[in-house]
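*Asks:* Quick one: the structure is below, questions incoming.
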Amino acid sequence: MKILLVALVLTNLVSFIVLGFFPDFFLGLLFLLFVLALVSFFRLLQHLIHYKNKKQNILFIISFSFLFLLISYISEIRWNLNPFGMLDAYAMWVGKGRMLALSILDGNPLPIWNGYWRMPNYPLGIPLLHADLSLVFSSVSEFLITLKIPNYLYLLLLYFFIIERTFDLKQPVVKWGFLILTGAFLFHPNYLLVISDLCADFPVSVTLAIATFFLIKKEKKENVYWLFLTIALLINLKSEALLISIVLFGFCILYNVIEKTYKLQFLLIALLLLALFGSPTWYLFGKGSFLSSDFKGINQSSSHTSFIMERISDGNLWLLVTKYFLKFYLSLTKGLSFVLLLIALIWGSLNLRIGVLFYFVCVSIYSGIFLLTSLEPQVHLEQAYDRIHFQLFLIPLVIFWKFAKENEETITKVFANVCQESNKQLKRILKKKLET
């Protein structure tokens, strides 16, 4: 998982530097990316061989591989019907990368910030991947195949992340339970749509899950640096993810203050990582606000307009946002996330409770931003509320994994007792039926 994470971060940074400032050297970029892909492939192969050497892991590898292959099959069905995913995908992610690549191949490279693009300040993490692929596969027929590859990269990243979390567990009962729970999350019909949208929401969802893991897993000190590397990738994916990145940064400092491990050296290295690997996004923000045109009312507000205060004090708008909140978390997702988080909140450690708090802060931010929309609120909520909140969908799964890992023996004993009691009750019922 870490290999792929590093490969994606490096690809984003190198592509930004070459395509943005030295487009004539794009062949050198392709060579570097080929070497990076080759090294990553062999490293991943080594890890798979290491996993298979443990016989008890083979069954779980097969099971998870089947789940992810099924997800890929479902995604392919949708892409056959709609090759470009959502309209937003082509307007803001796929199309931008394609235009960058074709302009370079034509000898007239475009600047990576274009005022005529829809939402020109949106991060280019996904478009840069599409640009790299289009430089190699420039024909239309090849393009229709390669536009899926960024999605598959993040699906592969999620696959290795889930596999590694499963192997961190020791008790077979807990492992199987985690597999079933993972399937319940990944095969939610609306989340399957997010996976196959070809937008940045699915990559953000995967990256947020990994960031949450590094945030709550404090056993290894180097996880702090992995967290900030993940944040750097996150801020290069989508604008609203920058808000969550700020929250992640704050909670990381909170953890270190509580555990009394805060050091100036840690902060400096963290900021260096964010400054370096987040430079593609910082460059775009330097051209204008990171807010999309959906929130232009904030940029235009002044002491004379009081747009923000009017929206915040609008009781009907609060009720409307609350309606969509309840619809998503209680109706659409059946309250599954809240049930898992409630268990972690009641019986989990302080570490987990802070993780739950982090999740609810993220939910609050992603709900609150709709109070400030410049679009008609009802329309904007209908179009975007579910999709943006699915970015947070895997966080409860990661938090509950941590809870299960900390309580493996207890869960196993409870499960054994329940099975034993159920067996007794079944025998009694059968005995009564035989007697009658």
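Cβ atoms here come from the backbone N, Cα and C positions, even for glycine.
Just so you know, TrEMBL annotations never went through curation; they're auto-generated.
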*Asks:* Any idea which of 3-22, 143-162 is down as transmembrane segment in TrEMBL?
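*Replies:* Going through 3-22, 143-162 one by one, TrEMBL flags 143-162 as transmembrane segment.
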*Asks:* Near the transmembrane segment (25-45), which same-chain residues lie under 8 Å Cβ to Cβ, leaving out any that are not at least 6 residues past its ends?
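*Replies:* Answer is 3-4, 7, 10-11, 14-15, 18-19, 104, 132, 135-136, 160.
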*Asks:* Check the transmembrane segment (225-258) against the transmembrane segment (356-375) for contact, please; criterion is three or more CB pairs under 8 Å, pairs 6 or more apart in sequence.
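*Replies:* Contact between the transmembrane segment (356-375) and the transmembrane segment (225-258): present, because at least 3 Cβ pairs are under 8 Å.
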*Asks:* At a Cβ cut-off of 8 Å, and with pairs 6 or more apart in sequence only, do we get at least 3 pairs between the transmembrane segment (387-404) and the transmembrane segment (57-75), yes or no?
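*Replies:* No, the transmembrane segment (387-404) does not contact the transmembrane segment (57-75).
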*Asks:* Hey, does the transmembrane segment (356-375) touch the transmembrane segment (174-194), meaning at least 3 C-beta pairs closer than 8 angstroms, sequence gap 6 or more?
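*Replies:* Output no: the transmembrane segment (174-194) is apart from the transmembrane segment (356-375).
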